[in-house]
Amino acid sequence: MDHHCPSPMKATSNGIFQGDNPLDFALPLAILQICLVLVVTRGLAFLLRPLRQPRVIAEVIGGILLGPSVLGRNKGYLNAVFPPKSITILDTLANIGLLFFLFLAGLELDVKSLRQSGKKVLAIAVTGITLPFTLGIGTSFILRGTINKGVNATTFLVFMGVALSITAFPVLARILAELKLLTTDVGRMAMSAAAINDVAAWILLALAIALSGDNLSPVVPLWVFLCGCGFVIGASLIVPPIFKWISRRCHEGEPVDELYICATLAAVLAAGLVTDVIGIHAMFGAFVIGVLLPKEGPFAGVLVEKVEDLVSGLFLPLYFVSSGLKTNVATIQGIQSWGLLVLVIFTACFGKIVGTFIVSLLWKIPKNEALALGFLMNSKGLVELIVLNIGKDRKVLNDQTFAIMVMMALFTTFITTPLVLAVYRPAKMLSKGDYKHRRIERKNPNTELRILTCFRSSRSIPSVINLLEASRGTERGERLSVYAMHLMEFSERPSAILMVHKARHNGLPFWNKGQRSANHVVVAFEAFQQLSQVSVRPMTSISSLSDMHEDICITAEKKNIAMIILPYHKNLRLNGSFESTRPDFHLVNKRVLEHASCSVGIFVDRGLGGTAQISASNVSFSITVLYFGGHDDREALAYGTRMAEHPGVELTVIRFLVESDSSEEIVTIHTEGTSAATLVSADEEFLAAFRTSISDDSSIKYEEKTVRNVSETITILRDYSRCSLFLVGRRPDGVLPLALSQRIDCPELGPVGSLLTSSEYATTASVLVVQQYYDNLYANSSQQRDVASVPEN
């Protein structure tokens, strides 16, 4: 900053045509700065995506690039875009962003889980603070002797100690969620330890700030610290009751009164003002308010959604730039400076990783988990930068020390993700299980059937429940156990983290019997469980769309599932046609079909059984199985037979036979070679067994239809369009499906499924497209068949 006072800038310009340079005015300049920052940081975040780095890293690096280290070497650019007189406004905006962001960070921190965390977590957290703190004090003596001469010793000690001992809670939450470790034991321990660490770091930071004034008497820091404590105690007495009252007034599913939102935001700012007046930085107050807000009920969630995008999207990156403008990497010159940088990085990592590792081993945590914990606790982030910036503003750290510390924070966070991935991959630990029943078709149909059903929104729950009710079969004991998985998409926003916390907090089957959960999804499944004595366990999977299929397949493996039921990726419109709302789910379904180690069904829901949930006594479904031949058709028939045991289900099986024309006969033999005969015989055997088993059952009809071509097939299908559910195979064998597959528009539904969901086939029936799991031995021959039969159509 220049020592002579720059004249204050006017807010808005008169425009370029009146000879004003817009960059001499506060508003256009601020807008330019914001846009520049956004472009740079988002671009970097995109480039770092493959390395699975949290966005904070991109923002810090972006700030450094825009500052004097890289682009700022061009003085013309620096004076045009970030002139000294604009810095005040930039900092003010950045600090407003910071204030609200820390309020959100406080909201993410759950005090209840701190109280419940056991001695183990406490020990890890305490070591994670004390060891680096003492090492930091050691480093500070070296630094003071070399490059950071002439500052108050105690202040510098405390600042260095705090800077080395912080673990960034928000950054850790994002890294854990990104690596899918949030719900694992390691994730839980890391989160709780980081939360304790965070709170301790804030107390130490308040202490450091109190010590670092240009104080004339030793009483001043004491007063500041006492007033700070007084503020925290006062706030914790006043704030929770008021907000409890507010969140009682807000009901789930209704819009929150805008007055409450406004009052909360004002309270955050007021708390910031109070702490600023005391002398311990405005963001301290905002964070305290965030921690004290009750997390139950819809209020906290709505609040976060209202604030997060503007704050963490627009204003917060400014803080990284204002920090980057103070960082000049060029000041790290000479052997001595680089040596000190290495020393600081080494002590920071050593203190955190080794300390955490040893304590974890003492608590009998396995080696790889202990190591992963150490790496996770080593992530730094925003709070670290704040500490350093305050130190720089209070002239405790000089340019060179500041640059060294920023580089340290960047490095430690950057290595977290790759290192954790290297030592700890829970997904990899699951080898192929050796359970038998990976499909519905089996020798003894009276064994337990385990289904994993996935849903994206609560709209589809009634039909899923009706489908499960039909799958229940007879009343003979525990025959069906269901895992219902809510697929949620994960993003880096605070609201996503809050959602993850909720799921984490309740453990993975995400309700506790004790408390009545507000989640209507769970309520629906609980009701169904009581009505029909089927054991249902709801779960939540929170992951980015690119690895959602891993979650689904791993869960199926773990729970010995025989059938995964996925929702079709298009939603039903009112007029009966389908629209694709999220094409990305299309990929999720495709990947599950490829990787699943059990049978998979894709459920195209046209409101099965009406929108209401039907109780067992008055279910009346008519289900039609379309049988052309092949594995998947046999699986569909096996599922249908299973459903037909239910008293309210009528099953019709239609077997399509092709009227033999001499020419067609040649074609079939030509395409399928020897395998055709064996397949047909397998089909015949299966059907024969099926027909003997149903001879005395009045609720099952079996019909054979002989057809000559596709249009006849479609005509027959039209007769059955009144039924409630079609069960079809995904890859049926034979000539007819081949002919049908010429107009296939959705490969994962297969030829028949595509026909039944297409717009020209008018029906209100839902469709379940089944793909049977079979071992590689089968798969190879079937793929050859597919390849062989392509040229013929």
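Glycine too: its Cβ is placed from the backbone N, Cα and C atoms.
Note: TrEMBL annotation is automatic and uncurated.
TrEMBL annotations:
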type: TRANSMEM; residues: 25-44; note: transmembrane segment
type: DOMAIN; residues: 44-419; note: domain 'Cation/H+ exchanger transmembrane'
type: TRANSMEM; residues: 56-72; note: transmembrane segment
type: TRANSMEM; residues: 92-109; note: transmembrane segment
type: TRANSMEM; residues: 121-143; note: transmembrane segment
type: TRANSMEM; residues: 155-177; note: transmembrane segment
type: TRANSMEM; residues: 189-211; note: transmembrane segment
type: TRANSMEM; residues: 223-247; note: transmembrane segment
type: TRANSMEM; residues: 259-292; note: transmembrane segment
type: TRANSMEM; residues: 338-363; note: transmembrane segment
type: TRANSMEM; residues: 370-390; note: transmembrane segment
type: TRANSMEM; residues: 402-424; note: transmembrane segment
type: DOMAIN; residues: 479-618; note: domain 'Cation/H(+) antiporter central'
type: DOMAIN; residues: 620-774; note: domain 'Cation/H(+) antiporter C-terminal'
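Confidence for the domain 'Cation/H(+) antiporter C-terminal' (620-774), expressed as mean pLDDT, is 77. 56-72 is the stretch from 25-44, 56-72, 92-109 with the greatest number of Cβ pairs below 8 Å to the transmembrane segment (402-424). Proximity of distant same-chain residues to the transmembrane segment (259-292), defined by a Cβ-Cβ separation under 8 Å and at least 6 residues beyond the stretch ends, is recorded for 95, 98-100, 102-107, 109, 111, 199, 202, 205-206, 209-210, 213, 224, 227-228, 231-232, 235-236, 239-240, 243, 246, 249-250, 299, 302-303, 306-307, 386, 390. Where the transmembrane segment (92-109) meets the stretches 121-143, 155-177, 189-211, 223-247, the count of C-beta pairs under 8 angstroms peaks at 155-177. Away from its own ends, the transmembrane segment (370-390) comes close to residues 54, 56, 60, 98, 101, 105, 124, 128, 159, 162-163, 166-172, 175-176, 181, 186, 189-190, 193-194, 197-198, 201-202, 205, 208-209, 212, 281, 283, 319-320, 322-323, 326, 348-349, 352-357, 360-361, 397, 402, 405-406, 408-409, 412-413, 415-416, 419-420, 423-424 of its chain (Cβ-Cβ under 8 Å, at least six residues beyond either end). In this chain, the transmembrane segment (223-247) lies out of contact with the transmembrane segment (155-177); the count of Cβ pairs under 8 Å, excluding pairs fewer than 6 apart in sequence, is fewer than 3. Pairs of Cβ atoms less than 8 Å apart link the transmembrane segment (223-247) most often to 189-211, out of 121-143, 189-211, 338-363.
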